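Novice: Sharing the features that Swiss-Prot gives for it:
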COMPBIAS  26-42  compositional bias 'Basic and acidic residues'
REGION    26-68  region 'Disordered'
COMPBIAS  51-62  compositional bias 'Basic and acidic residues'
MOTIF     73-101  motif 'Q motif'
DOMAIN    104-276  domain 'Helicase ATP-binding'
MOTIF     223-226  motif 'DEAD box'
DOMAIN    307-453  domain 'Helicase C-terminal'
REGION    467-493  region 'Disordered'
COMPBIAS  483-493  compositional bias 'Basic and acidic residues'
Amino acid sequence: MAGKVGKVSKKSDDVSSLAAKIRARALENQKKMQAASRKDSESDSSDEEVERPAKKQAKDEKVEEPEEEVTFESFAQLNLVPELIQACQNLNFTKPTPIQARAIPPALAGSDVIGLAQTGSGKTAAFAIPILNKLWEDQQPYYACVLAPTRELAQQIKETFDSLGSLMGVRTTCIVGGMNMMDQARDLMRKPHIIIATPGRLMDHLENTKGFSLKNLKFLVMDEADRLLDMEFGPVLDRILKIIPTKGRTTYLFSATMTSKIDKLQRASLTNPVKCAVSNKYQTVDTLVQTLMVVPGGLKNTFLIYLLNEFIGKTVIIFTRTKANAERLSGLCNLLEFSATALHGDLNQNQRTGALDLFKAGKRSILVATDVAARGLDIPSVDIVINYDIPVDSKSYIHRVGRTARAGRSGKSISLVSQYDLELILRIEEVLGKKLPKESVDKNIILTLRDSVDKANGEVVMEMNRRNKEKQARGKGRRGRMMAKENMDREEK
């Protein structure tokens, strides 16, 4: 998208200077805000704020007592093999997180485990460490299989196993949809120790790849189990569970919540599991600052660019509800000289992996994504999450903002709220058990950016429309050629 938008900027001399104008206005605005008193700016902004009904939190609401805290000062206290302890040190893992402290000891003792913890709590290492510790004692192929709901999460889990097993000679492979089946079959024939897979593609290989079997599987992990079931993987999971052995198999189930579906799944697949719950309700980590910004109609793009100016030098994920918005905003950011890349479901697997790699490597500071990126992706350096579109359910909000403030780090999320989003925000606040504070801004200052942002957005929309027409024309051309070939075939007969 960056390259394509770059061509647009050359078409218009006016647009090429928009970024410079916005930067200059932003600097001027910052000086004005520093000169203005806080009291004045608050009174200016409060005149235009949208009134929102406050929800009272019931005083008699039942609160579950937290379990007694389990802590370890280092990974060495868990009695891991030296190679694993050294790998943790190399990764700057100073001490186990709460879910790791709860889940690793019973897992090392051989128990099935149910891990319930909020997003960003270090769940992946909580099951990877005990598996690798056991693998060191008994190395054999197809030792463990991890099931994940998305291709991106599966790749992240593979990277965690590779990092933690870097001193142990561990072989891993990632088996997901959207990639070549034959290449994956060759990877499986190399006898990896750990297989990380999405359920559908794993089932394809179990049924169609000669010589591949999980009859000697020792560990099965179902990560983000609530999402696995939400995405209708239930029937495939049932088929997989019937194929793989139950005797001699240890099973770990990790989820953000304990629903009735998950309870049914754990009864079907786990034996006398140890439940390790760090949090029994949806919540966000303490190091995350969550705010909202009330946006008048038609100004969401302008407010977004204002925020990106404020956060120059930081890494930002912008979440949208649609693929078109993700593409458009990525183009808008690039046209205005913010380095951005898009991640959404219309991209093929190589494009999605490429976008993530650019962001993780710091070659792009902004990732504009649909909810495909909201769950499970471990990108440690995300500073800011911006909800350009408010998610329609509270779970999605929790998982979006959980992309920042991970594993003890601090972070911030800002939600851009229009008058049509108030009901959605009230639901989110009810789940969080608190009201989200409003960002105090001078809307008159933000409005100075409006003309430049609107002009740039118009250029991006025109370019997207042009590309869509070209794509449709190519599609018609292909269909025409296919129909002509079919007619020729009929005539020959």
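Every residue, even glycine, has its Cβ placed from backbone N, Cα and C.
Give me the structural setting of these features: burial, nearby parts and distances.
Specialist: Sequence-distant contacts of the motif 'Q motif' (73-101) (same chain, at least 6 residues past either end, Cβ-Cβ under 8 Å): 108, 115, 117, 121-123, 125-126, 129, 132-133, 136-137, 163-168, 276, 278, 407-408.
With a threshold of 8 Å between CB atoms, the same-chain residues lying at least 6 positions outside the motif 'DEAD box' (223-226) that come near it are 123-124, 127, 146-149, 153, 157, 253-257, 259, 261-262, 265, 375-376.
Confidence for the domain 'Helicase C-terminal' (307-453), expressed as mean pLDDT, is 90.
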Novice: So how many of the residues in the motif 'Q motif' (73-101) end up helix, strand or coil by DSSP?
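Specialist: Going by DSSP assignments, the motif 'Q motif' (73-101) contains 17 helix, 0 strand, 12 coil.
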Novice: Helix, strand, coil residue numbers for the domain 'Helicase C-terminal' (307-453) per DSSP?
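Specialist: Looking at the domain 'Helicase C-terminal' (307-453) with DSSP, the answer is 63 helix, 24 strand, 60 coil.
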